[in-house]
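As written in Swiss-Prot, here are the features:
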type	residues	note
ACT_SITE	D11	active site
ACT_SITE	D130	active site
Amino acid sequence: MLAKRIIPCLDVTGGRVVKGINFEGLRDAGSILEQARFYNGELADELVFLDISASVESRKTTLEEVLKVSGEVFIPLTVGGGINSVDRAREIFMHGADKVSVNTAVVKEPELISRIAEKYGSQAVVVAIDVKKKDDRYMVHTHSGKIPTPLEAVEWAQMVQELGAGEILLTSMDRDGTQEGYDNDILAKVSTSVHIPVIASGGAGNLEHLYDGFTRGKADAALAASIFHFRQYSIRQAKQYLRDRGIPVRL
């Protein structure tokens with residue numbers, strides 16, 4: 001079995017790392033560079049940098065910030081926020097990213113997934129899917145969760161796989177920032193409906209939640225923010241906890 005990954009996420013706006021609840025009520029979570037340096041030395045498997053206001057404000061991710069972070073970390077770096085063209089993806093890669101995360105733009109223009117994948121490889125394309133439960137259906141939202149779409153989560157996940165995505169970052173908007181655990185129902189449905197890796201996101205509040213995301217949710221990786229940003233747990237602690245319970249991790 002492949003090692004499961006632990007991935008801290010830097011949600012960035014206004015030049016700072018922030019964290020909210022249900023995509024709202026943002027609070028400051030520190031310096032971008034300080035957090036990036038910390039995770040680089042903390043056994044994180046990868047780092048995700050998401051400019052969470054770029055799509056909402058119809059602007060591009062700040063390349064200067066991406067360059068600074070890429071110069072500080074020596075683990076795979078995924079960058080997302082406002083990436084709406086192959087040219088923009090190229091700029092992000094040129095500034096040190098290993099992968100790009102696309103969301104709003106590819107809901108509007110799904111073929112963008114294929115165009116980026118053809119140029120840079122599927123392994124470099126992460127499609128972020130933000131979902132909210134409504135009447136027992138999990139619906140995809142865009143613009144940092146602000147705009148609902150008619151797309152259902154499993155259907156969209158299968159579509160992005162066919163278009164060339166190499167990975168899916170699945171976030172439960174209902175669980176985001178609540179620390180109540182991942183939504184393992186939709187996580188398992190998506191994970192078992194595709195053959196590309198799925199990253200669990202939204203709701204991690206303790207180490208058992210990470211374990212549940214891997215066992216009940218069938219995830220390939222677990223993304224978390226609050227529990228690591230505010231030093232509730234270290235990534236080393238998380239990995240040791242998982243290893244002790246039979247989950248393969250890199251230590």
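Glycine is treated like the rest: Cβ placed from N, Cα and C.
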Cβ atoms near D11 (active site) (within 10 Å, other residues, all chains): 24
D11 (active site) to D130 (active site) - Cα separation in whole Å: 14
